[in-house]
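Annotated features, as they stand in Swiss-Prot:
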- 1-53: topological domain 'Cytoplasmic' (TOPO_DOM)
- SER21: phosphoserine (MOD_RES)
- SER23: phosphoserine (MOD_RES)
- 54-74: transmembrane segment (TRANSMEM)
- 75-105: topological domain 'Extracellular' (TOPO_DOM)
- ASN84: N-linked glycosylation site (CARBOHYD)
- 106-126: transmembrane segment (TRANSMEM)
- 127-134: topological domain 'Cytoplasmic' (TOPO_DOM)
- 135-155: transmembrane segment (TRANSMEM)
- 156-161: topological domain 'Extracellular' (TOPO_DOM)
- 162-182: transmembrane segment (TRANSMEM)
- 183-201: topological domain 'Cytoplasmic' (TOPO_DOM)
- 202-222: transmembrane segment (TRANSMEM)
- 223-230: topological domain 'Extracellular' (TOPO_DOM)
- 231-251: transmembrane segment (TRANSMEM)
- 252-305: topological domain 'Cytoplasmic' (TOPO_DOM)
- 272-294: region 'Disordered' (REGION)
- 276-292: compositional bias 'Polar residues' (COMPBIAS)
- 306-326: transmembrane segment (TRANSMEM)
- 327-339: topological domain 'Extracellular' (TOPO_DOM)
- 340-357: transmembrane segment (TRANSMEM)
- 358-376: topological domain 'Cytoplasmic' (TOPO_DOM)
- 377-397: transmembrane segment (TRANSMEM)
- 398-414: topological domain 'Extracellular' (TOPO_DOM)
- 415-435: transmembrane segment (TRANSMEM)
- 436-453: topological domain 'Cytoplasmic' (TOPO_DOM)
- 454-474: transmembrane segment (TRANSMEM)
Amino acid sequence: MAIISEDDFRHTSNSTYRTASSSLRADQEALLEKLLDRPPPSLQRPEDRFNGTYIIFFSLGIGGLLPWNFFVTAQEYWIFKLSNCSSPAAGEEPKDSDILNYFESYLAVASTVPSVLCLALNFLLVNRVPIRVRVLASLTVMLAIFIVMTVLVKVDTSSWTHSFFTITITCMAILSGTSTIFNSSVFGMTGSFPMRNSQALISGGAMGGTLSAVASLVDLAVASDVTDSTLAFFLTADIFLALCIGLYLLLPRLDYARYYMKPVWPTVFSGEEQLPQDSPSPTSVAPGSSDPQTPPLGPILKKTTGLGFCIIYLFFITSLIFPAICTNIESLSKGSGSPWSTKFFVPLTTFLLYNFADLCGRQVTAWIQVPGPRSKALPGLALLRTCFVPLFVFCNYQPRGHLHTVLFQSDVYPVLFTSLLGLSNGYLSTLALIYGPKIVPRELAEATGVVMTFYMGLGLVLGSACSALLVHLI
């Protein structure tokens, strides 16, 4: 191993960089395909006893998205709370009627804009603010926001509905931003761990969506008071966020996690020695960077361009279809009046089925990682998912203003298509996300994880924006 003078290094809060006049050669980087499966002889890698680290990352994945999912799932609650703005008394002029009519649009803006801004902010904070501070601060703010929303559930807001709307949108914006910082920070941290831990975090996010869909179905079946069910939703989120704080504080106490969270030795990639995938994140030499506090964005973008395209396009197609198109596909036997074809059709065939299929696709990557990060099959499969757009459009989407043809005359088709949409999204997006931090020098793993989540956010924003146009064309 090459010896480097301390004078050649620049230290930051999370990583150690050395100024270099030229970037590292491709064959000198720790590429995923060439990584060894065992640690160097001088280090003994602890075992993940009882899969404790895996379970913690899985739980953090749930906690990162469960509050947001519950926030969005409580549609009936928002209608109940905001209906006073849109239902004036007899003889009165409608006041602020757009609050209820366009509430979901306001919610989407309050969700996406802060997410993109906070992703960029988090990249700049990677080496300025310790990850422990970022994670705990974001979790604490998320918990505080949900405590406020939980308290307001049983408060009569009929006399100040407009103020309640303002508070709700503000809380959603803060929640979305802090959730983004939390998720991208933890995902960046898993870049220094073996891939199964990144997979656990991503699968946990899908489990959060599945749990919220199940909760929504239970609420429909029980038909309880809307405020009671929402109170149960929000209290569950409060408890889980508090649990996530405890789990994150527990993480460094596990030998296995501590092994990967602490740098062990300064090193340079020499081309003759490759650090194994299962070795801890070392204090390494980074490609040239003029600011030791800011990770070099250029090399990260260069190495992750292909994977970034896959992530953006995968989530673009997914958010183009789900939920805007999926939720408007009706059962062909809707006229029968059965609960399956009316009350439960969309919650079952759209939300629960998609989230469960997405979870299954993500979980499969724990055992199978094909195709690889350099394979042309990965972007090819991402592009192939474009076929889902016409498949869903020609199901029984209603109402139809321009395209009146319904080709798929059975309820089996939307069930099949939604399952394939979720499976392909879960499997392919997880592969692309977990590959990213593994194809760059190890000291850039955390920053690369943040960039990968930015790709995901960009795809979601583009898809959501274009879904409105697609709905208009139908």
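Heads up, the Cβ atoms here are built off N, Cα and C, so glycines get one too.
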Exercise. Do any residues of this chain, six or more beyond the ends of the transmembrane segment (454-474), have a C-beta under 8 angstroms from a C-beta of it, and if so which?
Worked result: 108, 112, 115-116, 119-120, 123, 180, 184, 304, 307-308, 311-321, 324-325, 328, 389, 393, 397, 400-403, 429, 433
For this session: Name the range, of those listed as 135-155, 162-182, 202-222, 415-435, that has the largest tally of Cβ pairs under 8 Å with the transmembrane segment (106-126).
Result: 162-182
Exercise. Okay, the transmembrane segment (306-326) and the transmembrane segment (162-182): do they have at least three CB pairs under 8 Å, pairs separated by 6 or more?
Worked result: no
For this session: Given the cut-off of 8 Å on Cβ pairs that are 6 or more apart in sequence, determine whether the transmembrane segment (306-326) and the transmembrane segment (340-357) share at least 3 such pairs.
Result: yes
Exercise. Which listed stretch (135-155, 202-222, 340-357, 415-435) has the most C-beta pairs under 8 A with the transmembrane segment (231-251)?
Worked result: 135-155
For this session: Go through the chain and flag residues at least 6 beyond the ends of the transmembrane segment (340-357) whose CB is under 8 A from any CB in it; none is fine as an answer.
Result: 206, 209-210, 212-214, 216-217, 220, 322-323, 326-327, 329-331, 333-334, 411, 414-415, 418-423, 426
Exercise. Between the transmembrane segment (202-222) and the transmembrane segment (54-74), do 3 or more CB pairs sit under 8 angstroms, pairs being 6 or more residues apart?
Worked result: yes
For this session: Please indicate, using numbers and ranges, the residues of the same chain that are 6 or more beyond the topological domain 'Cytoplasmic' (183-201) and have a C-beta under 8 Å from a C-beta there.
Result: 53-55, 57-58, 60-61, 64-65, 119, 122, 126, 131, 134-135, 138, 257, 260-261, 277-278, 280-281, 362-363, 365-366, 369, 430, 433-434, 436-438, 442, 445-450, 452-454
For this session: Please give the sequence-distant neighbours of the topological domain 'Extracellular' (327-339): residues at least 6 beyond its ends with Cβ less than 8 Å from one of its Cβ atoms.
Result: 345-346, 349-350, 392, 395-399, 409-411, 414, 471
